[in-house]
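Asker: If you look up Swiss-Prot, you'll see 1-27, 89-99, 168-181, 298-305 marked as topological domain 'Extracellular', on the strength of similarity to another entry. For Asn7, Asn13, Asn22, the entry in Swiss-Prot reads N-linked glycosylation site. What Swiss-Prot records for 52-64, 123-143, 206-273, 330-466 is topological domain 'Cytoplasmic'. According to Swiss-Prot, the motif 'Nuclear localization signal' annotation covers 334-349. The S-palmitoyl cysteine annotation in Swiss-Prot covers Cys345.
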Amino acid sequence: MVFLSGNASDSSNCTHPPPPVNISKAILLGVILGGLILFGVLGNILVILSVACHRHLHSVTHYYIVNLAVADLLLTSTVLPFSAIFEILGYWAFGRVFCNVWAAVDVLCCTASIMGLCIISIDRYIGVSYPLRYPTIVTQKRGLMALLCVWALSLVISIGPLFGWRQPAPEDETICQINEEPGYVLFSALGSFYVPLTIILVMYCRVYVVAKRESRGLKSGLKTDKSDSEQVTLRIHRKNAQVGGSGVTSAKNKTHFSVRLLKFSREKKAAKTLGIVVGCFVLCWLPFFLVMPIGSFFPDFRPSETVFKIAFWLGYLNSCINPIIYPCSSQEFKKAFQNVLRIQCLRRKQSSKHTLGYTLHAPSHVLEGQHKDLVRIPVGSAETFYKISKTDGVCEWKIFSSLPRGSARMAVARDPSACTTARVRSKSFLQVCCCLGPSTPSHGENHQIPTIKIHTISLSENGEEV
């Protein structure tokens, strides 16, 4: 994806002295292009670190995003600096051999980035269409094979000119020009852009249709399933509970509905984020892949060098703006970016070993002053959950529950308003260990052993995970 230098159109067989450098223009271009390159390098490194440092982002979908960031990082760190120098000087200063290698690496990285977006679009289609079956369809092994195919195909498309599939090179080594051999131009344009673009658009059209249909069905199911007084859908399944056959069927149906709603909501969010990425990709790369074939097949209609350079750098811009898109459209990435920038990776890894803590509080009348900040979830005659806060991905809930009688391990007072706080880090299906105890410890033999009640909870609010 290398453009003609200023004198490349002259088929000269002699080496011209390099033109003088305009100092003011060189400084201006150096600041602009240098800032763009630095932003692209740091931004893509930030994407990679955000996924690497957060275990909840270790999924096949996020590995695809890391692959995209790796391709963009290679482009911004190994190709763009030489492109910027070429632009500033106005001639190629690194020799013929390096020109050919540089052009091949350019095509390799750009094609890998575009094909990576293609794989992501297929992944989102599967995630939205089959949210419950997605983990069995998209496994880590299959994801790795898909990424290997991306890089293998990109390599095949990029190495053609290195083996002679190009027009004769000019003898002037200060000229590094795009490969305008019509056969290769058609092959690379189809393989690098138009075929992936077609797949991407088809997949996202399917995603839009499925998401619209599923949203309508799931939202109507949510409205009929919850009572008028509840603002949050809550499913609690006590382990070893004795219920009738109809109750088991009803509980399973409600659980299946809640899990499907939760998973679909997450996949829909990811599809929206990556839809923005794809939209920016089309806007950035389409001008270049329109200009390049026109210049190759219709020389009389060749665009001006200025138009070509704008289209050329617009394509490069795509590799620098993806790190902006993620935090702006995804709360998940925004928090991950903030943690990395605050150097909280190590701290989060250490704290992830203790995903649940509890503290004892006074009875519920103490919380009456905070009532306006609470979300009450009535779940039974003896139990009530209160949502206290939700910060940095951690949901804090308070449960008020009467303790069971006759417990062999019971060494605490049976206070019907005993309260504990559960800090839950997961945003999806939650298993919460609620430790219940009194506000004042007893002096029994085993007073340090809390009474444990295990609940499996799935939480969602208006179809969104908590």
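The backbone N, Cα and C atoms fix where each Cβ goes, and this holds for glycine too.
I'd like to know what surrounds each of these features in this structure.
Answerer: The Cβ of Asn22 (N-linked glycosylation site) has no same-chain neighbour under 8 Å that is 6 or more residues away in sequence.
For the topological domain 'Extracellular' (168-181), DSSP puts the residue distribution at 0 helix, 0 strand, 14 coil.
In the predicted structure, the topological domain 'Cytoplasmic' (206-273) carries a mean pLDDT of 53.
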Asker: Using DSSP, how many residues in the topological domain 'Cytoplasmic' (52-64) fall into helix, strand and coil?
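Answerer: Each residue of the topological domain 'Cytoplasmic' (52-64) counted once, the result is 9 helix, 0 strand, 4 coil.
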Asker: Going by DSSP, how much of the topological domain 'Cytoplasmic' (123-143) is helix, how much is strand and how much is coil, in residues?
Answerer: 15 helix, 0 strand, 6 coil
